[in-house]
Amino acid sequence: MDLDQLDLNPRITAAVKRGRLKSVKEILCYSGPDLQRLTGLPSHDVQCLLRAASLHLRGSRVLSALHLFQQKESFPEQHQRLSLGCPVLDQFLGGGLPLEGITGLAGCSSAGKTQLALQLCLAVQFPRQYGGLEAGAVYICTEDAFPSKRLWQLIAQQRRLRTDAPEELIEKIRFSNHIFIEHAADVDTLLECVSKKVPILLSRGMARLVVVDSIAAPFRCEFHLQASAIRAKLLLSLGATLRRLSSTFRSPVLCINQVTDMVEDQQSVSRSLGASEERLSPALGITWANQLLMRLMVDRTHEDDVTTGLPRSPVRTLRVLFAPHLPLSSCCYTVSGEGIRGMPGTQSY
């Protein structure tokens, strides 16, 4: 940066140039006494020089976090999200999944975890103006076979689910051609997959979403209690690799997790009867929780109709357990042949 741009007495500027200092940043690399020796300026002139250089680099004023947030239109890449394919759920999650970081999705069986993951695998293929990233997805199965039948059902219903996108656009997307499926039944295979195979797809732009279904299965079946230290070390290694991939390629990572019952005393259990979801905790403990940017949890409960006494359709709820940009909140949703839809007016904060 040119020294003539500094608001200084010409005498000070000339002395700086005689000292062979060529930039403002170079000036700030020296202490006051060193600048005095290089330029021959007195102490008060050197202080004026340092102050002018600091003000020039700092800019006109200090920017607060609120100001940067309000300028998000000027930095669209930093605020981009991956849509879930449902406007209600997108609004609930502040636009969708963050592009950088690991999102954990935990919940009991039949709550809709895999359904949501499959819906994201389709949503990521849409153009950016429709919440997608115009790329495919990597789906890593660790316990069950890939649900291809359900995937084809969702593909066939995309025109009914994604009413925001033109039908011509949906017809052009070859959804099934851009979902890359891997099976990893043990920890070593999973680590090899995310460290060698997945980076190739991400670096070539063929995929921009990574799904692991589920993260807990290989760790829970391979390690006993005495091997908890080894398990923690491997979990940290896996988390670091997934975070690095997400940050390098700006691709969201969704890790589906199982749940375990929390151990409580008899008094606590008796108080929480009828609220079983409050006694469930995501598996793998604090070691894995520290790897996540955002943790979501889904649950599925049955309620009886007050008038008839017959069981109603199951009530499913998506909850935000922690996230740096979202409050603790919940939203109800339904699972149908078309996919997952949020229920308007059910958000609670």
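Yeah, the Cβs are placed from backbone N, Cα and C, and that goes for glycine too.
Reduced to three states, the DSSP call for SER110 (ATP binding site) is coil. Per Swiss-Prot, ATP binding site is recorded for GLY107, CYS108, SER109, SER110, ALA111, GLY112, LYS113, THR114, and the stated evidence type is sequence analysis.
The N-acetylmethionine annotation in Swiss-Prot covers MET1.
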Cβ atoms near LYS113 (ATP binding site) (within 10 Å, other residues, all chains): 22
Lowest local Cβ density (other Cβ within 10 Å) among binding-site residues: SER109, SER110: SER109
Binding-site residues compared (GLY107, GLY112) - the one with the fewest other Cβ atoms within 10 Å: GLY112
8 Å Cβ shell about GLY107, CYS108, SER109, SER110, ALA111, GLY112, LYS113, THR114 centroid, ATP site members excluded: GLN115, VAL298, ARG300
Binding-site residues compared (CYS108, ALA111) - the one with the fewest other Cβ atoms within 10 Å: CYS108
Proximal but sequence-remote residues of the same chain as THR114 (ATP binding site) (Cβ under 8 Å, at least 6 apart): PRO147, ARG150, ASP213, ILE256
